[in-house]
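J.: What Swiss-Prot shows for this protein is this:
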type	residues	note
BINDING	His66, Asp99, Glu162	Zn(2+) 1 binding site
ACT_SITE	Asp68	active site
BINDING	Asp99, Glu134, His348	Zn(2+) 2 binding site
ACT_SITE	Glu133	active site, proton acceptor
Amino acid sequence: MSAVLDLTCELIARPSVTPDDAGCQTLLAARLKQAGFQCDHLRLGEVDNLWATHGQGAPVLVLLGHTDVVPPGPREAWASDPFTPQIREGVLYGRGTADMKGSVAAFVVAAEQFVAAHPDHTGTLAVLLTSDEEGDAIDGVRHVARLFAERGQRIDWCITGEPSSTATLGDLLRVGRRGSLSAKLRVQGVQGHVAYPEKARNPIHQAAPALAELSARRWDDGYESFPPTSLQISNIHAGTGANNVIPGELEVDFNIRYNPHWDAPKLEAEITALLDQHGLQYTLKWHRSGEPFYTPEGTLRATARAVLAEHIGRAPEESTGGGTSDARFIAPLGAQCIEVGPVNASIHQVDENVRVDELEALPGLYQRLVERLLV
């Protein structure tokens, strides 16, 4: 097997369901130390974080990834054990193949090959890994970024290995991500018998106009390559289960994916004002997952576009779509951030997989990116 295929299989065999690293970072740190990297383990609580650097000074280029995976679900639903890597007809199957142990293995192999070829390269090449990307994302890169801010650690460029490609490796370059803000709304009413509505206060009826206004509102018309901001109601719960009882409380969960027109405080204030206009008796609990980030035209974006175009024979699509990634914690440090990784068609699914030929091409892709930036 190739170096990247062998290492990917070793990582898949470690059942690192978030936030358990299951020894992945110990394995990777040993490889990086042997290649001449200085490795710092930044564990917090149950979360493992690894910061490995080679070289010194600016510019600082970070390869950002995660060693944790989502739970596999019922084992019997898989064609083969999710933590026993298996190749069938040129495709590697296993939990984490695409998201994102394949990219992590490719990072390490590319880093090894790069420093062997360019031991006295310009600036600093760093690898940052966490076991808390798929979970709460509190003690992982968010924590490390806070440490970096306190230390004054500079980061110029960040390449995240999230599975960004859609049909073939390199066909999409992620140049930003929307912010994510979640809320739990509780509307208080007065429980009562449905035959005596005058003695009760129905929170569903009271909240319905406000929810209709929230869901129908057009927040903006988009920003650069970002789509318009979107609010989606994800859960609604009220009632006792009986059809003759007016509920005493309504609970609503919603999420907003927003572009750089907004930040979390502005959205929170806007939504609170809207709810107040409807005279509701309510509480609102917010959870800020991360602000949006966007990498405008510059050295990193232009370099990545050129490298991907050489690989696929045409210019890649440049997008800000998808969910959130840990790059949202690195961007506020002043870094230009992009995401380049394998095809995302099977991520978080049963029988997650990656094509072997595309996995084996990934280290070369990353190495060319690093060489264009640090040589």
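Numbers run from 1 along the shown chain.
Just so you know, glycine gets a Cβ as well, placed from its N, Cα and C.
Please go over these features one by one and say how buried each is and what sits next to it.
T.: In the three-state DSSP scheme, His66 (Zn(2+) 1 binding site) falls into the strand class. Listed in sequence order, Met100, Val104, Leu129, Thr130, Ser131, Asp132, Glu133, Glu134, Gly140, Asp326 are the same-chain residues six or more apart from His66 (Zn(2+) 1 binding site) with CB atoms under 8 A from its CB.
Residues near Asp68 (active site) in space but far in sequence (CB under 8 A, at least 6 apart, same chain), listed by position: Ser16, Val17, Thr18, Pro19, Asp20, Asp21, Thr130, Ser131, Asp132, Glu133, Glu134, Gly135.
In the three-state DSSP reading, Asp99 (Zn(2+) 1 binding site) counts as helix. On its own chain, Asp99 (Zn(2+) 1 binding site) has Val69, Val70, Glu162, Pro163, Asn344, Ile347, His348, Glu352 as residues at least 6 apart in sequence with a Cβ closer than 8 Å to its own Cβ.
Secondary structure at Glu133 (active site, proton acceptor), taken from DSSP and collapsed to helix, strand or coil, is coil.
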J.: Taking the Cβ of Glu133 (active site, proton acceptor) as the centre, count every other Cβ atom within 10 Å, in any protein chain shown.
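T.: Around the Cβ of Glu133 (active site, proton acceptor), 28 other Cβ atoms lie within 10 Å.
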J.: Could you tell me which of these binding-site residues, Glu134, Glu162, His348, has the greatest number of Cβ atoms within 10 Å of its own Cβ?
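T.: Going through Glu134, Glu162, His348 one by one, the largest Cβ count within 10 Å is at Glu162.
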J.: Within 8 Å of the Cβ centroid of the Zn(2+) 2 site residues Asp99, Glu134, His348, which other residues of the same chain have their Cβ?
T.: Val69, Val70, Gly96, Met100, Ile347
J.: For the recorded Zn(2+) 1 site formed by His66, Asp99, Glu162, name the remaining residues of the chain with Cβ within 8 Å of the site's Cβ center, in chain order.
T.: Gly65, Met100, Ser103, Glu133, Glu134, Thr160, Gly161, Pro163, Ser325, Gly341, Ile347
